[in-house]
Amino acid sequence: MAISWAAATTSKLAYPPHVHFSPSPSSNYLFLKTHKPSATHLSSSFIHPTTILHLAAANTTTRRRSFTVRAARGKFERKKPHVNIGTIGHVDHGKTTLTAALTMALASLGNSAPKKYDEIDAAPEERARGITINTATVEYETENRHYAHVDCPGHADYVKNMITGAAQMDGAILVVSGADGPMPQTKEHILLAKQVGVPNIVVFLNKQDQVDDEELLQLVELEVRELLSKYEFPGDDVPIISGSALLSLEALMANPSIKRGENQWVDKIYELMEAVDDYIPIPQRQTELPFLLAIEDVFTITGRGTVATGRVERGTIRVGETVDIVGVKDTRNTTVTGVEMFQKILDEALAGDNVGLLLRGIQKTDIQRGMVLAKPGTITPHTKFSAIVYVLKKEEGGRHSPFFSGYRPQFYMRTTDVTGKVTEIMNDKDEESKMVMPGDRVKLVVELIVPVACEQGMRFAIREGGKTVGAGVIQSIIE
């Protein structure tokens with residue numbers, strides 16, 4: 001079942017203890033991080049950098065970061081269709097190295113700004129451990145498309161942050177080491193991609209240079225195809241390109257103007273992006289529906305006001321239009337005074353764009369992750385709803401035991417997770433039931449502890465103890 005949700009780990013604002021919020025990929029477009037851990041400082045223009053932001057992880061202490069904000073460099077020209085993709089896969093299989101190689105290879109064609117590995121893996125804690133904790137975002141272009149690329153963490157502690165990145169992808173590049181084959185997080189990321197509704201996957205078999213036997217690489221390819229088919233992706237049809245992200249990156253760093261045909265490993269990167277261009281379709285954006293953006297992060301810019309960042313889920317937004325801020329607190333109204341993406345000013349943000357919106361008269365304390373910005377009157381906050389829920393089996397990574405009425409897990413809805421209580425359980429025939437077994441499909445009535453902007457047909461995930469235990473869709477709003 002495809003679900004859209006984002007994860008939560010730690011909070012930067014003084015949130016109530018029952019609502020948890022986590023770092024966002026789209027905010028990464030907005031603010032350039034510096035490495036001194038000090039009080040937050042923002043300069044006075046409203047803008048967009050392209051590197052990683054802050055660190056927040058399930059098992060780590062969040063440090064204060066200082067942020068600087070860069071002036072917008074001109075206007076964003078919408079010449080090519082925009083697609084959100086990202087790298088997923090097991091820790092140390094080469095996701096961040098591949099992301100760096102992609103930006104450098106396309107920069108050599110004049111289609112992107114090159115990003116070095118340590119610009120993508122920028123948080124000090126990440127570089128110390130050599131792993132990506134936050135979801136980092138870069139932009140690049142092929143001949144046909146403009147891409148926003150999210151580099152997702154692979155380390156088990158940080159799967160929640162990976163969810164945040166995956167929830168906004170139109171397609172993913174699954175990175176698997178040809179030397180090791182699929183590993184535990186490879187499987188978990190494929191499952192999560194399915195759950196959050198990532199529609200298409202292209203595979204990059206990395207570290208080909210470390211595999212002496214061609215047959216071994218073919219076995220790994222077969223194993224990956226079987227794994228994708230197991231999680232209901234078309235395993236037999238998925239494009240699989242093998243190569244070496246590290247050797248291509250080294251070649252590009254030695255000669256940034258390298259041309260196609262001059263290095264076999266760099267050519268593999270171009271081959272991968274051709275597969276992505278061909279295989280991952282341009283998504284149909286819901287531009288005709290009323291505007292809605294789920295807030296992923298909030299910043300204050302001295303002298304200008306408060307910026308909310310996130311991905312436009314549907315509709316369009318222009319400077320001067322009014323929006324409702326809905327969820328968690330009382331609904332209030334504000335005017336959008338600026339719209340930007342990738343350090344460039346936009347006339348209009350469309351569904352699918354990751355943007356920053358400057359809001360008039362709003363303090364940072366008035367607004368937080370998990371709220372939504374929406375066209376006035378189109379969505380309201382609720383605390384009680386009925387939903388059809390599929391409870392994952394033990395083999396799917398779910399619970400090992402049943403749960404009963406009164407069960408209190410976390411409900412992941414768009415960019416928030418909030419504690420909710422299961423107050424009623426009904427079976428397929430609408431008869432009251434006492435318990436729910438892993439693998440059951442049931443109707444539940446859920447009561448949330450804070451109001452959240454939700455609507456009929458909205459998908460959510462249920463998580464408990466660091467794992468996904470169920471997936472559902474709201475059938476009706478009760479209150």
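Each residue, glycine too, has its Cβ placed from N, Cα and C.
Checking Swiss-Prot for region 'G4' across the ranges 62-65, 206-209, 398-401, 438-441 points to 206-209. Given the ranges 151-154, 235-238, 255-258, 335-338, the record in Swiss-Prot names 151-154 as region 'G3'.
Residues 89-96 are the range that Swiss-Prot records as region 'G1', among 33-40, 89-96. Range 130-134 is the one annotated as region 'G2', of 70-74, 130-134, 350-354 (source: Swiss-Prot). Per-residue pLDDT, averaged over the region 'G4' (206-209), rounds to 90. Counting other CB atoms no more than 10 Å from each candidate's CB, the binding-site residues Gly89, Lys95, Gln208 peak at Lys95. In terms of DSSP helix, strand and coil, the region 'G4' (206-209) has 2 helix, 1 strand, 1 coil.
Its Cβ placed at the centre, Asp92 (GTP binding site) has 17 other Cβ atoms within 10 Å. For the region 'G1' (89-96), the DSSP-based tally of helix, strand and coil residues reads 2 helix, 0 strand, 6 coil.
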